[in-house]
Amino acid sequence: MFFGFTSCLDICPSTLTILGQAEKHRENLPETQRPQVLFVSINPDRDSPLRLSGYARAFHKNILTTTADTPALQRFATALGLRFRKVPGKSYAENPLDDTMDHPTAIVVLDPQGHHVGMIHPPFNAEEIPTDLQKLTKEITL
């Protein structure tokens, strides 16, 4: 699971590119053994479900997406030990779309029951992600 937003210019596209590449490495595995990749938007005001889905599919067709209202996202991130916040740009007072998001760069790993088992931190390598997942959970067979 990765927290980000569709108008991110650097961290999100590079991380989703690597997650998409890792997903390609696992395409030959049975679906029951394949970890799911979930992109969680932390900018629900801009990222509609349709926008999120189209954005994620550009990286890989199997990447799932979701968002929620900001208070729910904050509670969820905090429960995982993560934080994010909106950062206004220089002309935010005149243009409320002039902002960005300060967000975590780690990939959060949950086991099949949804329990937080760890994080994978950058720099990421698509070929190493399966090994990293194996180290974090015994439930996922890669």
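Glycine too: its Cβ is placed from the backbone N, Cα and C atoms.
The disulfide bond feature in TrEMBL is assigned to CYS8-CYS12. Counting only same-chain residues six or more apart in sequence, the Cβ atoms lying under 8 angstroms from the Cβ of CYS12 (disulfide bond) belong to PHE2, GLY4, PHE5, THR6.
Annotation comment: TrEMBL describes CYS8, CYS12, HIS103 as Cu cation binding site. For HIS103 (Cu cation binding site), the Cβ neighbour count at a 10 Å cut-off comes to 23, with all displayed protein chains included. According to DSSP, HIS103 (Cu cation binding site) sits in a coil region rather than a helix or strand.
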Around the Cβ of CYS8 (disulfide bond), the count of other Cβ atoms that are within 10 Å: 19
Cα-to-Cα gap, HIS103 (Cu cation binding site) vs CYS8 (disulfide bond), nearest whole Å: 10
Check: same-chain CB within 8 A of Cu cation site center, minus CYS8, CYS12, HIS103: PHE3, GLY4, PHE5, ASP10, ILE11, THR15, ILE42, MET101
